[in-house]
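Encoded as structure tokens, the structure appears first; notes follow it.
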Amino acid sequence: MRQAERAIFDLRRGLPIVLRHQGAQTLVLAVEGLCDATLSAAGTLTGASAALVLSRHRMAALGHVVTAEAVSLVFDQQPMEGELRALAWTRGAALPHGVQVVDADQTNLAALRLLARAQLVPAALAFAVPEAARSAVEHELAGGQLLAVEADEALRLCRSGPGLLTRVSEARVPLAEAENSRFVLFREADGVHEHVAIVIGDPGRWPQAVPVRLHSSCLTGDLFGSLRCDCGEQLRRGVAAINEQGGGVLLYLSQEGRGIGLANKLRAYGLQDEGLDTIDADQVIGFSKDERDFRVAHEMLDQLGIAKVMLLTNNPSKVEALQRAGINVVERQAIYGDVTRQNERYLQTKADRHGHWLHDLLSEQDEPASAEPERLPAPGTAGGA
Ligand SMILES: Nc1nc2c(ncn2[C@@H]2O[C@H](COP(=O)(O)OP(=O)(O)OP(=O)(O)O)[C@@H](O)[C@H]2O)c(=O)[nH]1
Ligand SMILES: [Zn+2]
């Protein structure tokens, strides 16, 4: 396993890592999981004070518009753990006086991207290791207490797609909505994420444009029928619709919470209960409105030999992502869950701020909205779906 992938595990365990860039070293800690003891141990080891690295989304939530993807906050006095946490994700926090805001350098950017990839809150504490502390840090590295990663390697890992997915195992799994189904499991190169293709019907008899749904995981909705979203119904109706159309594939993607992970989605739910919408809540924690990378779906379709699809979605980004990857999306069919008192605002936000094709559903709640397939223009031509 590459060092950068191992670093993700260490960060998730609350351990520090060392990022190297052009001969310099930076000790990095996730603010999530930080305690005063680790903070002071890092300070003692490096003899340095730390910068807090935040995303531009978090800065916007703090009321500061910045153009760089990430910034480093440099303090005149080292804040305590509680203040750092507040700056990292508390709603209504403000930058303290005397703090300097500078664009994050390569190393600090790498730290932040690793945290986002690890589905932690994207807020990093970065201690630039001075010459005097080099040997102490080297000693920890040699003893295996610390892991060192090249910042460039970390950036490469975070930029890359899923890598070559390994088709690991498969089995027949009859479903209530589609008896003739097979689950095919794919594993990403980093060993962390696994995605499942639910292959419905007999591939030899599939329609020419294969009915396909990309479904991002939602533990609360898919498994427990949460009323906060429409995911559970979309999942089951998706399987049924594919089955009725002669078979196809549902890709069940490990992209909980639009890619921010379950822990952050629950944090975001807390903020939504305070009145924020789904996008603003994610921004408070430091995320963009959608952190998903649909290259993984393209890779799975490739391995299944599918190049021409009829996509079941209300999300224009999914159509664009597949078309960009060279998949011929010839049709798009709406796939709706029910509108409930609890999910109406969520759906309205998706329609208004994500651009989802949901306005029909939301304006015609008395009559079920049409789910007729809609022909799409060829990729690269003007016009929308
Ligand atoms: N961050 C965040 N994620 C949410 C919230 N509600 C649902 N989700 C996630 O949103 C994703 C929805 O996935 P999909 O249904 O595949 O995608 P979609 O963008 O709605 O597109 P279509 O359903 O295809 O129209 C899942 O990963 C859910 O876990 C929320 O309030 N905040
Ligand atoms: Zn959901």
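Note: Cβ is positioned from N, Cα and C throughout, glycine not excepted.
Computed from a predicted structure; not experimentally measured.
Per TrEMBL, these features apply:
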DOMAIN    167-333  domain 'GTP cyclohydrolase II'
BINDING   R213, L214, H215, S216, S217, Q234, E256, G257, R258, T278, T313, K318  GTP binding site
BINDING   C218, C229, C231  Zn(2+) binding site
ACT_SITE  D290  active site, proton acceptor
ACT_SITE  R292  active site, nucleophile
REGION    365-385  region 'Disordered'
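Close contacts with ligand 1, defined as a Cβ under 6 Å from any of its atoms, occur at C229 among the recorded positions R213, C229, D290.
Not one of the recorded positions listed as R213, H215, S217, E256, D290, T313 brings a Cβ under 6 Å of any atom of ligand 2. Rounded to a whole number, the distance between the Cα atoms of S217 (GTP binding site) and C231 (Zn(2+) binding site) is 8 Å. Taking the C-alpha positions, the distance from C218 (Zn(2+) binding site) to the residue listed as 'active site, nucleophile' comes to 13 Å.
Among the binding-site residues S217, T313, the residue whose Cβ has the fewest other Cβ atoms within 10 Å is S217. A C-beta separation below 8 Å, combined with a sequence spacing of at least six in one chain, links H215 (GTP binding site) to D222, C231, Q234, L235, G238, L250, L251, Y252, L253.
A straight line from the CA of the residue listed as 'active site, nucleophile' to the CA of R258 (GTP binding site) spans 6 Å. Mean model confidence for the domain 'GTP cyclohydrolase II' (167-333) is a pLDDT of 96. Within 10 Å of the C-beta atom of D290 (active site, proton acceptor) sit 17 other C-beta atoms, taking all shown protein chains into account. Under the DSSP three-state reduction, C229 (Zn(2+) binding site) is assigned to coil, being neither helix nor strand. Here the recorded positions are R213, R292, and the one ringed by the most other CB atoms within 10 angstroms is R213.
Other Cβ atoms within 10 Å of the Cβ of C229 (Zn(2+) binding site) number 22 in total over all chains. In sequence order, T220, G221, D222, S226, R228, D230, G232, Q234 are the residues of the same chain, not among C218, C229, C231, whose CB sits within 8 A of the CB centroid for the Zn(2+) site.
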